[in-house]
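K.L.:
Annotated zinc finger per Swiss-Prot: 118-186, in sequence order. Annotation source Swiss-Prot lists domain 'AWS' at 283-326, citing sequence analysis. If you look up Swiss-Prot, you'll see 326-443 marked as domain 'SET'. Annotation source Swiss-Prot lists domain 'Post-SET' at 449-465.
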């Protein structure tokens, strides 16, 4: 290793000065002479010149043993910078960050004294800065969210009534029965899409693992019964799950083709394609001893006759159906095509809707059936009331044409006389709740192939309608005698001489 100390003591080492070196001057004149253009343009071309501060920054120059030392003047602004505290530096940092385009709310240092404690958003799990937080309105809840996350992911916009998803059922928005310990899901068992797959924690009442976490479904289940067949063993093994949950783009919702009921012309009253018959036998005859409501003992009601002007009851009596229909809606069923559901609760014997369509004769009905057969149509909406009086709702009608058949129906069809006109109404056979399908017994005679019944009732007959019964012919032959199988012995008397 090179020894610099020995080199300095060696006599062979000669120190030479720069040819442009000038004699040392005293005071500020030295700085002027060194920084003069003549000296800077010397033979050294400034390569060997030291870094000399400007003249206005030189405070004092000391020369000792040919070595010149400069003392720099102290700037008053430097004294202020040396007196900076941490808050001043933080403010300066915030100012520079805001100038660069960063939001001032994000310029937040949680380690400072008195700073708010930062929490993570329960949706995106990123820090929530002051001014961007949306806190839960439930007392004692520490949940915090970004305003944007709560609006886009949870659908909340009002900060005053905001609640965490775990405080209410995601379906009925009422107080929850259980909360999931792994996600913000909360619900009741009856509102859960897979209630059997919810794992309720025994040691934590009100806590559970919801259906979103299939890997934990079998934590609390009992072992299955031992099987000897390899096929049964593989059937009981849980399937591997790669995706636990996925989201569907809302744009796909518009691309789904909405299925509508079969097209038909909606009408409010029957359209007669035959001569309209009017029964005038009951004109001028009505109830006389009924009260204002006309209960079941009403003479007109027993005969399925609507009260009219000839009755002594007022216009507001209860035996005037076909005036106000119940609220119903057309829905798509799982096994029976289109059907009708009750949109409100219906009491027993209440009028629901009138069965209307085109009134045709028997000849027209037969012709239409042949035409439908040639066209391949399988759905018929014909209701035969009496001779030459068939209501066909195939092309024109109302929602009653979609009522399905059931072997255990909750509705009945009744034929009434209203102001001398024959009309058919659908009445409730029992109490019907809202959302319950409306059905009645078709009672039709099947002449062609059998049609399977999908009503699902306990007393389902299996097939729609009944076949036409052929009479059993009893063949009687009066000429032939029946052969006896047993002979009774006859006692003979002895002959007398």
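We count from 1, first residue shown onward.
Glycine residues also receive a Cβ, built from the backbone N, Cα and C atoms like all the rest.
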K.L.:
Report, as numbers and ranges, every residue of the chain located at least six residues beyond the domain 'Post-SET' (449-465) whose Cβ falls under 8 Å of a Cβ in that stretch; write 'none' if there are none.
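P.N.:
Long-range Cβ neighbours of the domain 'Post-SET' (449-465): 335-336, 404-408, 439, 442-443.
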K.L.:
What is the average pLDDT across the domain 'Post-SET' (449-465)?
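P.N.:
It averages 80.
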K.L.:
Which numbers of helix, strand and coil residues does DSSP report for the domain 'AWS' (283-326)?
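P.N.:
For the domain 'AWS' (283-326), the helix, strand and coil counts are 4 helix, 1 strand, 39 coil.
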K.L.:
Under the DSSP assignment, what numbers of helix, strand and coil residues are found in the domain 'Post-SET' (449-465)?
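P.N.:
Computed counts for the domain 'Post-SET' (449-465) are 0 helix, 2 strand, 15 coil.
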